[in-house]
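> Feature annotation from Swiss-Prot assigns GTP 1 binding site to 33-40, 80-84, 142-145; the stated evidence is sequence analysis. Under the heading GTP 2 binding site, Swiss-Prot lists 206-213, 253-257, 318-321. According to Swiss-Prot, the domain 'EngA-type G 1' annotation covers 27-190. Swiss-Prot lists 200-373 with the feature domain 'EngA-type G 2'. The annotation domain 'KH-like' is assigned in Swiss-Prot to 374-456.
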Amino acid sequence: MTQDGTWVDESDWQLDDSEIAESGAAPVVAVVGRPNVGKSTLVNRILGRREAVVQDIPGVTRDRVCYDALWTGRRFVVQDTGGWEPNAKGLQRLVAEQASVAMRTADAVILVVDAGVGATAADEAAARILLRSGKPVFLAANKVDSEKGESDAAALWSLGLGEPHAISAMHGRGVADLLDGVLAALPEVGESASASGGPRRVALVGKPNVGKSSLLNKLAGDQRSVVHEAAGTTVDPVDSLIELGGDVWRFVDTAGLRRKVGQASGHEFYASVRTHAAIDSAEVAIVLIDASQPLTEQDLRVISMVIEAGRALVLAYNKWDLVDEDRRELLQREIDRELVQVRWAQRVNISAKTGRAVHKLVPAMEDALASWDTRIATGPLNTWLTEVTAATPPPVRGGKQPRILFATQATARPPTFVLFTTGFLEAGYRRFLERRLRETFGFDGSPIRVNVRVREKRAGKRR
């Protein structure tokens, strides 16, 4: 640590740990309703930020989507859902099933109804199901912005759910009173709370239709995310608490990344932005790659995103069962060649569809996170540095050979090292040092960073 302390600041990752330790214990509030009644707008209003994908097209939200929320000092989880229709078909039927699961598993439910449209057959069907659930149910009469809207809201008493809360999710009207009522009915701890403490956060990322939702469903053992043959059927990050190998993991299943965020349109653009945020909020990322197809620029870009974010990395080659035996050995060599810069990444060949080798993902994540958490004491680190630089000194630059005076590990998560030198170190030499660090200390599955601080010349002392 230097005198000004600029290189040693562990407060960020310690705060991360405390936030993670709190997850899983909060009660859950599900927000349900027909398509395009304003559920995601209400969720964003509750959160005080844009998290849920919102667009003026019915059915933009297709999954149950969980977000951590805070209101008047009380923690809870708000669960956005796809539009609920009792007689839906195809993909919309799958979405309706997700909303039905949310109704059953939440600690309280907010049913959102468009006050201007009035109670529809779908609203009445939802009300009947909710009344049978025995859960606290709150009726939110949305899009109330006038006296006529107040009258429209009052007409929703007919649903039998008690007094309608007249709100405008768009403008915030009435939302505070609604939340006060909801929180008063919530238990201190959710029924489905995890008792194992803070789960490690995992982001599932990859290009569209590579099998992220299928993998999540295989791990969870239920139809947790909407899976359909159309590419990109998951458009929001979906948090799932899943017990694997005796530990609870928090999976974030993200929308498939488009070729370029700037080229995506509508809700696909917003979903791409949320994918970036999912990687940032995770500790380890599983990058799914289609083993039956050549590695693409999209695949490489996703891997780069994870490395740039400094997250532990597992490469999961999905659809391995579709690769011929004769092709597999050749494919392994191709992977080594194309991903030469990330040979340190954990690699697992799986089939999300059949479950082949999926169990190997947990030890791969555990190893990657152990490397990500690693701290090397200053003594052994500088002993290693002395031996390496004696055998291979830094290259001469501008007629002078820089010396490395001292090294320290500034932070973990990812492991970040600072070298104090008398001159600039070439990028190639820094990569050499990174390779030697990995050979000696491991770090399999984790990016590491090597930063250089050039010692400033001190002014001569006054006599």
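A Cβ is built for glycine as well, from the same backbone N, Cα and C atoms used for every other residue.
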> Report, in whole Å, the straight Cα-to-Cα distance of Thr81 (GTP 1 binding site) from Trp320 (GTP 2 binding site).
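About 33 Å separates the two Cα atoms.
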> Can you count helix, strand and coil residues in the domain 'KH-like' (374-456) using DSSP?
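Each residue of the domain 'KH-like' (374-456) counted once, the result is 29 helix, 22 strand, 32 coil.
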> Give the distance between the Cα atoms of Val144 (GTP 1 binding site) and Asn209 (GTP 2 binding site), rounded to the nearest whole Å.
39
> Between the Cα atoms of Asn36 (GTP 1 binding site) and Asn209 (GTP 2 binding site), what distance do you get, rounded to the nearest Å?
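Per the Cα atoms, Asn36 (GTP 1 binding site) and Asn209 (GTP 2 binding site) stand 25 Å apart.
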> Inside 10 Å of the Cβ of Gly33 (GTP 1 binding site), count up the other Cβ atoms and send me the figure.
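Its Cβ shell of radius 10 Å holds 25 other Cβ atoms.
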> Neighbour count, 10 Å Cβ-Cβ cut-off, for Thr81 (GTP 1 binding site): what number do you get?
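Summing over all protein chains shown, Thr81 (GTP 1 binding site) has 28 other Cβ atoms within 10 Å.
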> For Lys212 (GTP 2 binding site), what is the secondary structure state per DSSP, taken as helix, strand or coil?
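DSSP assigns Lys212 (GTP 2 binding site) to helix.
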> Measuring Cα to Cα, how many Å separate Lys212 (GTP 2 binding site) from Thr81 (GTP 1 binding site)?
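About 19 Å separates the two Cα atoms.
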> Determine, to the nearest whole angstrom, how far the Cα atom of Thr81 (GTP 1 binding site) is from the Cα atom of Asn209 (GTP 2 binding site).
21
> Across the domain 'EngA-type G 2' (200-373), what does the pLDDT come to on average, as a whole number?
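Here the mean pLDDT over the domain 'EngA-type G 2' (200-373) amounts to 79.
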> I want to verify one value. Collapsing DSSP to three states, which class is Gly33 (GTP 1 binding site)?
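Looking at the DSSP assignment, Gly33 (GTP 1 binding site) belongs to a strand.
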> Within 10 angstroms of the C-beta of Trp320 (GTP 2 binding site), what count of other C-beta atoms is obtained when all protein chains are considered?
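There are 20 of them.
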> If one measures from the C-alpha of Asn209 (GTP 2 binding site) to the C-alpha of Lys39 (GTP 1 binding site), what distance in angstrom results, rounded to a whole number?
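Cα of Asn209 (GTP 2 binding site) to Cα of Lys39 (GTP 1 binding site) measures 26 Å after rounding.
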> Rounded to a whole angstrom, what is the C-alpha distance between Gly33 (GTP 1 binding site) and Gly206 (GTP 2 binding site)?
30
